[in-house]
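Peer 1: The structure is given below, and queries will be raised subsequently.
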Amino acid sequence: MNVSSFGVSRYSQLINSFYRKLEYISVFILFISFFDTDVFFLREPINILSYPIIFCLIIFRWKRCIYVGTRDISLLLLVGIAFISIFWSDVPSFTLEKLKGLLRSTLFGVYLAAYYKPKDLMQLLAWIFGILAVLNLVVTLAMPSYGITTINDEFSWKGLSAHKQYLGRIMLQGAILFLLLANTNKKFRWIMWLGCSLTVVLIVLSKSKTAWVGLAISLLLLPTFTIAKLFHKSRAIIYLIVVLSLGSLAILAFDNQQSINSAWETIIVDVLNKSPDLNGRVPVWNLAIESGLKRPWLGYGYQAFWETSEGAAIRNVTWARNTLSGNFHSHNGYIELFLQLGFVGLLLFSINFFTLLVRLMNLIFSTRSITSFWMLEYVILMFLFNYTDLLTFISPHTLWSVYIAINLSTIYWRNMFIENTNIPEYKLQGLDNK
């Protein structure tokens, strides 16, 4: 190699190194901007900056991104119907504005799936959650008036988040991730336990009861991974147990509806310290469903319902009468999805979500990897969040970006390893370490 070619090679290495560092910084900025953070006066500049960042990340790997992003037909149809809903939206200008955020978060999810392996994505998120946890702790201790809020005469931490529920939701995802990594990463186990402890403390300080319930459910799911590792050949038996259990619960619920309702009210009032109608949400849900049934198939258009006269009428007769339309939602993601995209949107989402669940279960039994189990925990928590919170599916939120990354990554993972009969079983089991 002559001096000239050596200089070119060295220059190329420096450029690649600079680009990689710039890429990591860009990804961190995107995560921060989508995670409901309110970083003082920086929120709007970061929001504006995120669009060219996404464009640059995608354009440098456009072939790979196109290939990965077109692997899931139901996901493509779901996002596609959201974009074409502008044609039947009652407020097309508002829908168009919101679609910009959806495009950004969706492309970010495609980029994550195209660039990061599942295990690398897991480690990246651990860094992100760890940094966010430290920032929330430092900012709140340094400026209590900014990081602590009062809701119903009760002090709660919100940190850099716009609401205490958002802080609890993000820290819950972080706590589960750190807990799983603490049991697999021997080298940095103490750091993972420290991260897990800090995120759990922030969940407690946020007083987000949704996050508390989510944490309990996540811990109850942990034995699933142990069963998968110990009884690899018993997939059919475990599936049967799950189906029988769910069927038994359904029968008990239908046969003892009055007792179930009484028990539910006891849990809501005595344990979670809420009113039986979930702080006035049930009347909003009932009225919203009635309005949705007036346009059942395609809905009112993406994010458009609460800007319409129907949405205004519901707000005026409930506790939300003083709430601005652009900031209001029904606190139920599935009702929101029905209002926005109708039964068609709900059907496409259901197909996509439950197909992903089946794919994840197959991956857990085939690979017995902690990465596939973390993915299962993540999507189940997202599913639960949407019962009493804003829509995080098909949204401009990072949770949606990571959902897309998991969805597309598992398809590629399955196609490359699970369906390839030429790959020995021991290599499948070691996949998590590659």
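The chain as shown is numbered from 1 upward.
Even glycines carry a Cβ here, placed using N, Cα and C.
According to TrEMBL:
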type     : residues : note
TRANSMEM : 48-66    : transmembrane segment
TRANSMEM : 73-89    : transmembrane segment
TRANSMEM : 124-146  : transmembrane segment
TRANSMEM : 190-206  : transmembrane segment
DOMAIN   : 196-349  : domain 'O-antigen ligase-related'
TRANSMEM : 212-231  : transmembrane segment
TRANSMEM : 236-254  : transmembrane segment
TRANSMEM : 337-358  : transmembrane segment
TRANSMEM : 370-387  : transmembrane segment
TRANSMEM : 393-413  : transmembrane segment
Peer 1: Excluding the flanking five residues on each side, which residues at least 6 beyond the ends of the transmembrane segment (337-358) place their CB within less than 8 Å of a CB in that stretch?
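Peer 2: Hits for the transmembrane segment (337-358): 72, 74-75, 77-78, 81-82, 85, 288-289, 291-292, 295-305, 330, 376, 379, 383, 391, 393-394, 406-407, 410.
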Peer 1: Could you pull the average pLDDT for the domain 'O-antigen ligase-related' (196-349)?
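Peer 2: PLDDT averaged over the stretch: 72.
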Peer 1: Which residues of the same chain, at least 6 past either end of the transmembrane segment (124-146), have a Cβ under 8 Å from a Cβ in it?
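Peer 2: Apart from its flanks, the transmembrane segment (124-146) reaches 27-28, 31-32, 35, 37, 116, 157, 159-161, 167, 170-171, 173-174, 177-178, 181, 191-192, 195, 198-199, 202, 402.
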